Amino acid sequence: MTDKNGFFDLSKTGLTRRTALKGLAAGAGLAVAPGFVRYSQAQSSAPIKIGFQSHRTGIGAAYGRWYEKTTAAAVKAINDAGGINGRPVEVIIEDDGTDPGRGAEVVGKFATQHKTDIVYGTLFSHVVIGSAPAAGEAKMPYFVVSEGHHVASTKLNRYVFQPGITDVKSQIQAMAPWIAANAGKKVTQIFPDFAFGYDHRDYLPPALKAQGAEVIAQIAIPPTESSFTKYFPQIPAETEVIYHVMVGPAVLTFVKELGEFYGSNRPQLFGFIDSLEATDINSPGLEFLDGSHFWEGSPRYAQPDDSAAQKAYRAAVGIDDNGAAVGDPKDVSTAAHMFGCWETLYVVKKAMEDAGYKGPEDRAKLVEATEALTEFAEGPEHPQGPKTFNGKIHQCFGIQNISKVEGGRLNVVHKTKIEDGLYEPEGDYTTQPL
Amino acid sequence: MAFGPHLLLAALEGLVTSAVLALTALGLSLVFGVMRVVNVAHGEFFMLGAVLAWAITTAISGHPSLGFLAALVLAPLIVGLIALVAERLVLRRLNYNPEATIVATIGMLYIIQQLALTFYGPEARPVEPPFSYRILLPWFGYSGYKLSIIAASALLLVATWFVLTRTKIGLVMRATQYDSETAQAFGIPVTRVYAGVFALGAMLAAVAAVLIVPISQAHYLMGQDPLLLSFIVVIIGGLGSLRGTVVAAVLIGLSDGIISVFFSPTLAKIIATLLVAMVLVFRPQGLFGTASR
């Protein structure tokens, strides 16, 4: 193992101390330069800049792509109708790699380099939790579309909001009565081994207990796992319902292997559609799902009673009646979650208009204006349904759909009410200083 | 679940892991054995095999087994070709210097991974298995395709063994492995042997990936786990020892299956890594390796 050709001998490459110092000096110069572009003070016609923290790569990539499509559609609709306070909206996208460390860096980049007005659009809960302190430090309003309970838990900070999608604790509480009454009383949970999964782990058992049912086993699976059969023997034989919620690139494998393990002789299945988001439910090997039930935030398949607003929203985003991209039936959307992007952007619009928002100096006013919101009526701006908003915990509450797999599609069989999912606030963000 | 069926499931899962691992690790071991090159990009050849399998099966319509068979033949060939080009452009120019090739293959790892991300995308995409027969056992169901992976891998291993020990190509490879300078003195085109071995190593990884992709989906980051496990297997089995590689693959695969079914997958990885440390301390040449001359 000799270095015959001198690949590691710096003296042979002609790098002198002088050139090394020059290089270092140039590098340091670049590092202190304030961003790529100097922006002048925002004029009244300058665009409102929304920094979109997107999961372009990593385990959240499928969600990231559809969150981007939905965001583009919503921004186009907002701009076509005159923008926000008469100013156009511009979205700047940065990839966070679905990674909490990178997420915090991206928030910093939006604050110091792009100088965006707000940061928006994060889904994966560990990225939200990792990025929230950076947003709070930069006093940057941070609107997430994450579904996790972390915002409403009031453990983050005053700058973090989730006004477009209901949190997991509320979803579970609203659906538990239906699960206990229709699926079964002895429940085994399978969930991803990180923050989002822990919401399910922590809030399902008490919610079911209140309905006279119980969780008899909890199986945590790493979100990067690629093979699942080895976990299934942990499911107790007396299980009546398997409650599953998985995320990441291997969700299809997870459901397939569950089918191979049980076949038609399976317990009842109740899943969060997360286990199959962006995946065709008619993929080979998924036939055993027929008759099982899923939570959906917004239905993937067009329903007979869809409102005009829902139809217009689906057309704007570009999904067909099966929830796949128009023109590419194999490109299945993340319909159950991405409506939250559309609705969040309209909440931002409303709050900015209420605050008379002019630029980053008005960020505190924007926070207070968002906290003052209480209700979002169903309509073109909120196609998923009506919602209430609790400004103290920065969280909205809407209806949930329970859908049944029948004839190769998901049909909504039960809609919860907003009141079903309300709980006692765990804290109050408005007491924190701005 | 009772202990018997539980153990059966664990053993089946372990054997599937072993089968794929044996092929992947054999490729790594071959490259190291003959060329003394530690190929850090090996996992990316695995990933390329899976991604190409997806591309080929999507391009070919008709019964899924047609596309799969085409992928089984074409994907390893294409990957072999890519490896050949990489060998010519990079490894040969570095004169197969052990330290330099490690750094160079790390570079190749990132280049291949990012190219896959650029052209294939960040999604995990499924490949339909050639057949989806479900074997119904009294206690649980099991995928018939998974069992066929074990058989296919065993066949390929026997074929590789046959080539290495019973053919002239194998003889030339073994001569090069034993003493490349003397081999060259006897008129063996050593650089051509190196190129062939590097391509063969990559092809073994690619074929393993084609076999596994119908049960695990193609994803641009899927090369990381096989690389780590292959290194574990090759170190335990003895760098350059083919018999050791296969034995270690079965050992690691089965223990991984059984430990992760009965305890946790994390514990399985911990134990495998601990085993590597033990082997490195007490028997640095590996279980079946010979001490370096």
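Indices start at 1 and increase along the chain as displayed.
Each Cβ is built from the backbone N, Cα and C atoms, and glycine gets one as well.
TrEMBL labels come from automatic prediction, so no person has curated them.
Copied over from TrEMBL, here are the features:
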TRANSMEM  B:6-33  transmembrane segment
TRANSMEM  B:45-62  transmembrane segment
TRANSMEM  B:68-90  transmembrane segment
TRANSMEM  B:102-122  transmembrane segment
TRANSMEM  B:142-164  transmembrane segment
TRANSMEM  B:193-215  transmembrane segment
TRANSMEM  B:227-254  transmembrane segment
TRANSMEM  B:261-282  transmembrane segment
Based on Cβ pairs under 8 Å, which of the stretches B:45-62, B:68-90, B:142-164, B:193-215, B:261-282 lies most in contact with the transmembrane segment (B:227-254)?
B:261-282
Recorded stretch that, among B:45-62, B:68-90, B:261-282, has the most CB pairs under 8 Å to the transmembrane segment (B:102-122):
B:45-62
Stretch winning on C-beta pairs under 8 A with the transmembrane segment (B:193-215) (pool: B:6-33, B:142-164, B:261-282) is B:6-33
Out of B:6-33, B:45-62, B:68-90, B:142-164, which stretch touches the transmembrane segment (B:261-282) the most, going by CB pairs under 8 Å?
B:6-33
The transmembrane segment (B:142-164) and the transmembrane segment (B:45-62) contact flag, 3+ Cβ pairs under 8 angstroms:
no
Same chain only, please: residues at least 6 beyond the ends of the transmembrane segment (B:6-33) with a C-beta under 8 Å from a C-beta of the stretch. Say none if there are none.
39, 42, 45-46, 137, 139-140, 142, 146-147, 149-150, 152-154, 156-157, 160, 177, 197-198, 200-205, 207-209, 211-212, 215, 226, 229-231, 233-234, 237, 239-242, 244-246, 248-250, 252-258, 260-262
